[in-house]
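Below you'll find the structure, written out as structure tokens, and then a few comments.
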Amino acid sequence: MAGKRDYYEILGVDRGASDAEIKKAYRKLAKQYHPDMNPGDKAAEAKFKEINEAYEVLSDPQKRARYDQFGHSAFDPNGFGGGGFGGGFTGGFGDFDFGGFGDIFEAFFGSGFGTRTSSARRGPQKGADLKYSMEVSFEEAAFGTEKEVTVSRLEICPTCSGSGTKPGHQPVTCRQCNGTGQVQYKQRTPFGQIVNVRTCDVCHGEGKIITNPCETCGGKGRVRKHTKLKVRIPAGIDNGETISLRGEGEHGIKGGPSGDLFITIKVKPHPIFKRHGNDVNCEIPITFTQAALGAEIEVPTLDGKEKIVIPEGTQTGTVFKLKGKGIPFLRSSGRGDQYVKVNIEVPRKLNEKQKEVLRQFAELVGDEVHEQRKGFFNKMKDALGM
């Protein structure tokens with residue numbers, strides 16, 4: 001053990017290095033000295049094994065703690081640091097699978113105790129979902145329309161068809177894990193030798209390494225594109241509601257399904273109409289004479305102009321209902337109603353002739369107005385006990 005190099009020195013990190021720093025250093029060195037990158041180079045192969053041995057210890061918190069305390073002797077099967085009892089207990093239970101006792105031993109030796117996992121090679125992966133927002137007019141939301149949206153998403157590389165490899169070449173089997181996507185390492189404990197399995201850090205669980213990456217996608221298998229899609233806006237959709245387009249998200253990896261596209265609708269405010277559920281409200285002005293004498297007027301609706309009758313003596317704030325002139329029900333038949341509120345406008349400027357006519361009118365109704373006013377003050381006196 002005395003001839004072995006310090007593990008921290010091998011990876012080129014300080015003893016106080018974080019897990020992330022150790023992992024970063026390992027990946028850099030592993031790629032540099034990997035046998036696939038240095039075919040026939042025995043020195044590089046030996047260096048690669050040395051790097052993996054160092055990382056196997058320093059990447060495991062428990063092993064690292066034992067190494068920091070005992071050095072290389074921590075893993076000497078004939079020494080106390082290796083987990084034996086110091087009296088030659090080297091074989092123990094061999095590669096025994098502790099089965100139901102795993103939870104007990106895990107408390108002492110960590111979650112990796114006796115682990116035998118299935119292949120960690122990553123298979124097909126679903127593409128990511130995408131979220132967009134789309135602005136539509138009040139009328140478009142009411143009656144529906146078809147609009148176009150440009151989506152930025154990752155799509156299958158047209159050059160390599162998603163393999164990530166340059167055409168005419170194939171990925172090579174990872175020598176670190178022999179194509180399994182996993183590496184095994186043995187650990188000696190007071191109960192014997194156990195086998196742990198982890199994802200291969202060289203191929204990241206793929207089992208293969210791309211030595212000739214596709215020039216279009218850089219070996220990733222997907223490229224970013226801006227794609228135009230047609231979106232059908234259903235009649236009756238409301239502000240804030242979402243339309244989902246299945247399979248229109250980012251393309252999957254290794255033949256995995258594509259993600260979905262979710263479009264949130266933003267309805268522009270209308271200068272006249274306000275929506276309440278499936279009903280439409282609006283306010284229109286009428287003149288004093290129209291309210292007093294009655295009239296037939298035109299009012300705006302979503303379908304165009306509609307005539308309504310204003311009865312004689314209509315008061316300001318009166319609401320008229322136009323049945324079936326509201327918003328269509330979403331994915332259903334029928335429509336809401338429209339409610340028209342009238343506001344009586346008082347003229348701000350009058351010429352002398354108009355003023356004279358109003359004075360005459362005031363004289364004609366003067367007694368009535370006086371009686372109404374008198375009645376009002378009498379009620380006030382009664383209420384106040386005057």
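A Cβ is built for glycine as well, from the same backbone N, Cα and C atoms used for every other residue.
Record features (Swiss-Prot):
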BINDING   CYS157, CYS160, CYS214, CYS217  Zn(2+) 1 binding site
BINDING   CYS174, CYS177, CYS200, CYS203  Zn(2+) 2 binding site
DOMAIN    6-71  domain 'J'
REPEAT    157-164  repeat 'CXXCXGXG motif'
REPEAT    174-181  repeat 'CXXCXGXG motif'
REPEAT    200-207  repeat 'CXXCXGXG motif'
REPEAT    214-221  repeat 'CXXCXGXG motif'
ZN_FING   144-226  zinc finger
* **Whether the repeat 'CXXCXGXG motif' (214-221) meets the repeat 'CXXCXGXG motif' (174-181): three or more C-beta pairs under 8 angstroms** => no
* Inter-residue C-alpha distance, CYS177 (Zn(2+) 2 binding site) and CYS214 (Zn(2+) 1 binding site) (nearest angstrom) -> 24
* Can you tell me the mean pLDDT for the repeat 'CXXCXGXG motif' (157-164)? -> 94
* To do: Give the residue counts of the zinc finger (144-226) per reduced DSSP state, in the order helix, strand, coil.
  => 0 helix, 39 strand, 44 coil
* Cα of CYS203 (Zn(2+) 2 binding site) to Cα of CYS217 (Zn(2+) 1 binding site): how many Å, rounded? -> 18
* Asked: Who sits close to CYS214 (Zn(2+) 1 binding site): which same-chain residues at least 6 apart have their Cβ under 8 Å from its Cβ?
  -> CYS157, THR159, CYS160, SER163, GLY164, THR165, LYS166, PRO167, GLY221
* Which has the fewest other Cβ atoms within 10 Å: CYS157, CYS177, CYS200, the binding-site residues listed? -> CYS157
* Structure fact -> Expressed in Å to no decimal places, the gap between the Cα atoms of CYS174 (Zn(2+) 2 binding site) and CYS217 (Zn(2+) 1 binding site) is 21
* CYS200 (Zn(2+) 2 binding site) versus CYS217 (Zn(2+) 1 binding site) - Cα distance in angstrom -> 24
